[in-house]
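Asks: Features from TrEMBL:
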type: TRANSMEM; residues: A:29-51; note: transmembrane segment
type: TRANSMEM; residues: A:63-83; note: transmembrane segment
type: TRANSMEM; residues: A:112-131; note: transmembrane segment
type: TRANSMEM; residues: A:143-164; note: transmembrane segment
type: TRANSMEM; residues: A:170-192; note: transmembrane segment
type: TRANSMEM; residues: A:204-229; note: transmembrane segment
type: TRANSMEM; residues: A:235-255; note: transmembrane segment
type: TRANSMEM; residues: A:267-292; note: transmembrane segment
type: TRANSMEM; residues: A:298-317; note: transmembrane segment
type: TRANSMEM; residues: A:350-373; note: transmembrane segment
type: TRANSMEM; residues: A:385-412; note: transmembrane segment
type: TRANSMEM; residues: A:433-450; note: transmembrane segment
Amino acid sequence: MAVQTADTAAPAAPAAGSPSLLGHAFKDALITGLIALGLFGPLIGFETVIIDGALGLAYRPSLLAIMVGIVFVGRLLLNLTLWSPNRRPSTRTGPSVFDRIGTAVGPGVKPALLAFAVVFPFLSTFLLGGLNESRYLIDLGILILTYVMLGWGLNIVVGLAGLLDLGYVAFYAVGAYTYALLATSAPINDFFAGLFGATFWANWAFWICLPMAGVFAGVWGMILGFPVLRLRGDYLAIVTLAFGEIIRLVLINWVDFTNGGAGIASIPRATFFGIPFNAGPDGFAALFGLPFNPMHRIVFLYFVILALALLTAFVTVRLRRLPVGRAWEALREDEIACRSLGINTTTTKLSAFATGAMFGGFAGCFFAVRAGFVSPESFTFDVSAMILAIVVLGGMGSQIGVAVAAAVMMGGMEMLRNLGFLKQIFGNDFDPSLYRMLIFGFAMVAIMVWKPRGLVSTRDPTIFLKERKAVSGDLVKEGHG
Amino acid sequence: MATSPATGLPRWEADPILIVEHLFMRFGGLIAVNDLSFKVGRGDITALIGPNGAGKTTVFNCITGFYKPSEGRLILAKGRAPTPDEIAEVTRIGERSLTGRDAGVYLLERMPDYLVSGEAHVARTFQNIRLFTGMTVLENLMVAQHNALMAASGYSLKGLFGLPGWTKAQRAATEKAKYWLDKVGLTDRADDPAGDLPYGAQRRLEIARAMCSEPILLCLDEPAAGLNPRESLELNTLLRAIRAEHGTSILLIEHDMSVVMEISDHVVVLDYGTKISDGTPEAVKNDPRVIAAYLGVDEDAIEEVEAELHTESSAPGASA
């Protein structure tokens, strides 16, 4: 028992094993250190530098030693503490701490978050002392809410129906281009100018195009879904990925129609149900007796996207309790059993695909009206990956989890831009924003290790007889395509 | 016994609900089902038995539309036994079914799996239980009523706005689920996830789920597998009750002879994809070919059996 220093929590350690514990740990750490030396040697030990115009090698032995030292000491400490054979594994009974906290505060979270989302623009204005000062925060709020909505839309496809869709951005693009093309179309403008006056189309385009964007995206979802949905799992994922890219490439290359990579600019802005946000006598500010401020439009956009996101959530929650929603979830659980119960899996999958795509189209339309400019560059695979990450991180099928994940991911990514204080530690040459993605990646890995089923891993049943009991995530399947 | 009072024929001849005619199923070079013909009587409990690999589950998959048979005709008769003319008519016109007000003829080999369940009302269970494990017991039973509820919810439009027609349908569906929960003794666990139930309860739930889709023919693939003797007895009671109270005909694959001999009216024995015996449980039990297929026999016995049957090719090969 002489060597048993690190682990006091295990009094009943096997006596025979303890004397060699330190030796073992040391040996293991040494081997790891050697592997690290072999790996880091070429990667860190050498640096290519330009000496007198020619490429030469510089050596960094001290940096290499530090790195190998970190690996060695870290491994040794882990061997002696966390991975020690004497450590008694904590036996878990019942729900984890997170789950218990979740159950305790659960009922209050949704109203609280909703209330916060509603008062957020006023709160930030009040705290920062003015509309103009709060512009950054409200813009960030709009960005987060856009991704909340996209996450909820994709959640229908991935979380409920269990169809892995890597090309969701395609529907976002369809929605955005629907609005951009229709709103800037001269023939439509002339047609309505003849009927209702010159400014009609500019003022009403968004409100007329919003439902159309959703419908078009939904139809596209069906068109893309029909040939694709006989595939399952990895194959489905790859084909949807390809469709996402195809849409983007068509947008770039069909220059006559989409103006190619240059994009479409000067798209009409959003109006307060026909009242433009301008300084003129018919503008929003003048009509409501407020001093003109361009921020009015931004705040209004914030509430538009909040309403759209809430619509998505409302429809999803309702659909889950309808036969179609239950069929989606049943499809995720077991497709063959679904077919044996008379469920047409093709139409059920298509309906999930189309519904998800429709909300993507709404979000796309909003994106176009907010930015006033669309180009294919906005619809790269990165966006699909980000939305999917939000859904997976939030917990597939969970509404509140996805909302929190979107806030954490988008808000967190923004916060990581403000790492200026690190310059004081690492010197002025250090550019913290370059490490943004690295930190982000580490955070993702950490969450997937601790909460592999996402932030909210339990499933809420859609109907109950006596008592609503959450279904443990271990029993819920992810679906296989 | 299952005989028709009018004709003296066994019920499966007089009033069949399912007629399997010359069914072949080939997987590449392997012939899993070879020229199989049998009939399932309306209101009967019919057992399909045979040694492992005899092709029983393949027959099930053909009947329920999961496989498309290589050859053969599968006729499901709703309401009453079809006349040969009706069968010829629906076969000739190339439709999936010919339905009247209270009777119908369905050609199952022409239907995709979901229509076999949704339109022809043939429900099935699986050898390896296929419940929606992440959904609650009650939800499993609600999913089984999908088609009826889908229509009642106006294909989601009425349901989205919570119109009264939909809420009424939903309540009726819940009542039906409650009835079946009661029937299989799972009312107390209605709100638990299906994956949390013990094995025997999962088997019963799968039967209840199949019954919620209102089948006229219920196909059970080894319903007693993994059950203890007491649970097997309960299963017998449940199946008898289903037949008696709902008039549902039952076709089951089973290895547990206590279940087969106890409850079935009609037994069909399969070996190497062909039918080797067909009749009442007593007749099948004493059929030497069935005994040979199940137990195997030594060479002398084969000769004896061959002599007895006056057939030269039907006995199994060299020695078992």
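Using N, Cα and C of the backbone, Cβ positions are placed for all residues, glycine too.
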Asks: List, by number or range, the same-chain residues at least 6 past the transmembrane segment (A:235-255) whose CB is under 8 A from its CB atoms?
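Replies: Here the qualifying positions are 163-170, 173-174, 177, 224, 228-229, 261, 376, 379-381, 384, 481.
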Asks: Using Cβ distances below 8 Å and needing 3 or more such pairs, separated by at least 6 in sequence, tell me whether the transmembrane segment (A:204-229) contacts the transmembrane segment (A:63-83).
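Replies: Between the transmembrane segment (A:63-83) and the transmembrane segment (A:204-229), which are separate recorded stretches, there is no contact, as judged by 3 or more close Cβ pairs.
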Asks: Considering only Cβ pairs within less than 8 angstroms, which of the stretches A:29-51, A:143-164, A:170-192, A:433-450 has the most against the transmembrane segment (A:385-412)?
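Replies: Checked against A:29-51, A:143-164, A:170-192, A:433-450; highest Cβ contact count belongs to A:143-164.
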Asks: Considering only Cβ pairs under 8 Å, which range in A:29-51, A:112-131, A:143-164, A:298-317, A:350-373 makes the most contacts with the transmembrane segment (A:170-192)?
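Replies: Against the transmembrane segment (A:170-192), the leading stretch is A:350-373.
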Asks: State, in range form, which of A:29-51, A:143-164, A:350-373, A:433-450 has the highest count of Cβ pairs under 8 Å to the transmembrane segment (A:298-317).
Replies: A:143-164
